[in-house]
Amino acid sequence: MNEIFTARGSVLIAGVTVDGATVDIAVDETGAIAAIGKDARKTIDAEIIIDGSDRVAVPGLVNTHTHAAMSLLRGYADDMILQDWLSQKIWPLEAHLTGDDVYAGTRLACLEMIKSGTVAFNDMYFFMDRAAAAADEMGMRATFAYGFIDLGMEEKREAEIKATEALVAHITSLDNPRIRAAVGPHSVYTVSPEGLTWCAAFAEEQEIGIHVHLSETEKEVVDCVARFGKRPAYLLDECGCLTPRTVAAHCCWLDEAECRLLAERGVTASHNPASNMKLAVNRAMPYHWLRQYGANVALGTDGCSSNNNLDLMEEMKFAALLQKFAWNSPTLLPAGEAIAMATAAGARALGTGPGTLTVGAPADIVLLDARAVCNTPLFHPDSNAVYACNGGTVMTVLCQGRILMHEREVPGEEEIVREAAMTARSLVARAEESS
Ligand SMILES: O=c1[nH]cnc2c1ncn2[C@@H]1O[C@H](CO)[C@@H](O)[C@H]1O
Ligand SMILES: [Zn+2]
């Protein structure tokens, strides 16, 4: 293992390209960016020096919607419609999940995210205490929500309330600034208004976020209007779920008034273009309206069984291309905006700092290979990062000043992959045995 992973202290990234200029980035021992500029090397006596000469630095990417441990289900069930996919394939398999599975799956997901430049993620799933342990060990930032699903049944609601309370108490007890909790009402079609209202009140009491799926399909909207006489965003709002700490995933079928409502409430909309295209939800998030009304729009991959990877570099390209294609506008979502979506907007959503390379910001830094084929020629680094390159261009990743990957090496990688492959096989075998 490279000794850089065990070294602790201040870091100097020497002579790296940022916004087209060559600068130094100095990181102090608390993990914050202390100086950035032509001669920043003079400001510190760095313990660790990283040569930035063939590198482009960008802020660490933030994945605002995923189900990390679903990495175990990658390629297990593809090419289906959403309702069938969930009810016939995914949920029956998830019924056999254990905490050990979630630990192994989340470690695999963290490895994949680090290898493609992601430093923070917003997760919704089960056995989240084990997911939190995995993310902490991998050195990432993450927010964990237990996926609250009551299907309108009071008994189930009580169980979900207990599970949510237990997770939040556990995460609070960790007292780890990188690891946070949120409340995770799954969606308006799986959670009753009573459940949604409880989730909102509990999130407010605990001063934590809410993570929810919103308007993913047209069916969700039609069914919601038929059952409750209002569209999904209004139902969530009535239950108190739309807050400045809410992340709403997908948002494909929002109408213009719902976009304005999200903006007014300060909600972050998480765009998940690859999942939306794969599941053919038949409408792209109305990004133009969300932007027009000033909503925060961030980026997410969704789980590995509807994507099928966690590469946010690819997701930036999908977002830019899908928006242009769906709304017939080649000027919509330019490269710079796609990067801001994956960085600053995500950081704002999760409260992890400004998500920029600026003095005082946490040193969440990604170094891309400037000599890679996809980065040649290097006219516009943003353009190459979004349109030409993918996660394979990521060479080095820092989170809070700690080096998680260097020269594409992540400590423990082989063991993580081996364990995840074994765990996935055994999960599927258990499910098949019982069916
Ligand atoms: O695209 C999706 N739409 C709705 N539900 C999903 C999607 N992807 C994963 N899950 C499901 O959400 C729950 C999280 O706790 C899990 O049951 C997961 O399978
Ligand atoms: Zn999802």
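For all residues, glycine too, the Cβ spot is worked out from N, Cα and C.
Note that TrEMBL annotation is computational and uncurated.
Note that this is a predicted model, so its numbers are computed, not measured.
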According to TrEMBL, which candidate in D136, D150, D302, D311 joins H65, H67, H213 at the Zn(2+) site:
D302
Listed in sequence order, residues with CB under 8 A of H65 (Zn(2+) binding site) and six or more positions away:
N122, M124, H211, V247, A249, H250, S270, N272, G300, T301, D302
Give me the CA-CA distance between H213 (Zn(2+) binding site) and E94 (substrate binding site), in Å, as a whole number.
18
Spatial separation of E94 (substrate binding site) from H67 (Zn(2+) binding site) - C-alpha basis, Å:
12
With respect to ligand 2, which members of the binding-site residues H186, E216, D302 satisfy a Cβ distance under 6 angstroms to one of its atoms?
D302
Average pLDDT across the domain 'Amidohydrolase-related' (57-403), rounded to a whole number:
98
By a 10 A CB contact count over all chains shown, which of the binding-site residues listed here is most packed: E94, E216, D302?
D302
